[in-house]
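> Before anything else, here's the structure in question.
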Amino acid sequence: MRLIGGLILLMVALVPACGAGGCDRLVSADGSRASTTATVVGVRPVSTTTPSGPVPPVGEAARAAGFLDVRSVVPDAGIDLRYATPNNFTGTQLYPSGARCLVHQSMAQGLAAAAALLRPHGQVMVFWDCYRPHDVQVRMFTVVPNPAWVARPGQYARSHEAGRSVDVTFASAQQQCPPGRQFDGLCLADMGTDFDDFSSRATAFATQGVTADAQANRARLRAAMGAGGLAVYSGEWWHFDGPGAGVDRPILGVPVD
């Protein structure tokens, strides 16, 4: 986890605002980020797990499982793996600090398509979770033994355990951003709840207690992901399944780093 200092040089792009959630970030079609003016904006330090530099090849076990690093298909992706920090519902770090966002190759085309639809609006995808090892799923269910919120571990791998689901949101550059939504010099879109919010407001199509702006942002995320063939889980606005996410598969022992 790295800390961004209290003052960040925020790049202000020359693109039109996109309504609810804000935009104003210039992102080129190939996923690179550009700007024309630097404006100093005061923000509090932000914790992130976004790696820097070239994307290294995945390990042998990950390659054998058909996994790839999501940044190889979404090069401008923000990586904020909450389970690699204590900032998650268990209050403990579940992944090693060097954890990577690994997904099955069957998700690659859909994620690339979703990111391409968000970029013209100055929005970049931010990943909270990707492939999740079975032992971590067991630990989570021990903390919250409610299958409505945490999938009950079984004898097979599905969804996150198979690398075929992601937990994701989007972010953009804004000069005014609430402290709780600051991420790596960007502002996470207002979605009405944080990640892993175990309340009825976290359901994908919730309206009660969710502002019109947050509902619009959720719809924008669903539209982008849906265009890539990725379906939202109705119980969590941030969770999207790729092809074959619900199919029983052998439990994997792939490390996340």
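For all residues, glycine too, the Cβ spot is worked out from N, Cα and C.
If you look up TrEMBL, you'll see Glu236 marked as active site, proton donor/acceptor. Residues annotated as Zn(2+) binding site in TrEMBL: His160, Asp167, His239. Residues annotated as site 'Transition state stabilizer' in TrEMBL: Arg132.
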> Give the sequence-ordered set of same-chain residues, not counting His160, Asp167, His239, with Cβ within 8 Å of the centre of the Cβ atoms defining the Zn(2+) site.
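Output for this site, in sequence order: Trp128, Asp129, Cys130, Arg132, Ser159, Ser165, Val166, Val168, Tyr233, Glu236, Trp238, Phe240.
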> Please report how many Å separate the Cα atom of Arg132 (site 'Transition state stabilizer') from that of the residue listed as 'active site, proton donor/acceptor', as a whole number.
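Rounded to the nearest whole number, the Cα-Cα distance is 17 Å.
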> Whole-number Å distance between the CA of His160 (Zn(2+) binding site) and the CA of the residue listed as 'active site, proton donor/acceptor'?
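Rounded to a whole number, the Cα-Cα distance is 14 Å.
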> Cβ-Cβ under 8 Å from Asp167 (Zn(2+) binding site), same chain, 6 or more residues apart: which ones?
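Within the chain, Asp167 (Zn(2+) binding site) has Cβ neighbours under 8 Å at Phe127, Trp128, Asp129, Cys130, His160, Phe195, Glu236, Trp238, His239, Phe240.
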> Return the single residue from the recorded positions list (Arg132, His160, Glu236, His239) that has the minimum number of other CB atoms within 10 Å.
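Per-residue Cβ counts within 10 Å for the recorded positions Arg132, His160, Glu236, His239 bottom out at Glu236.
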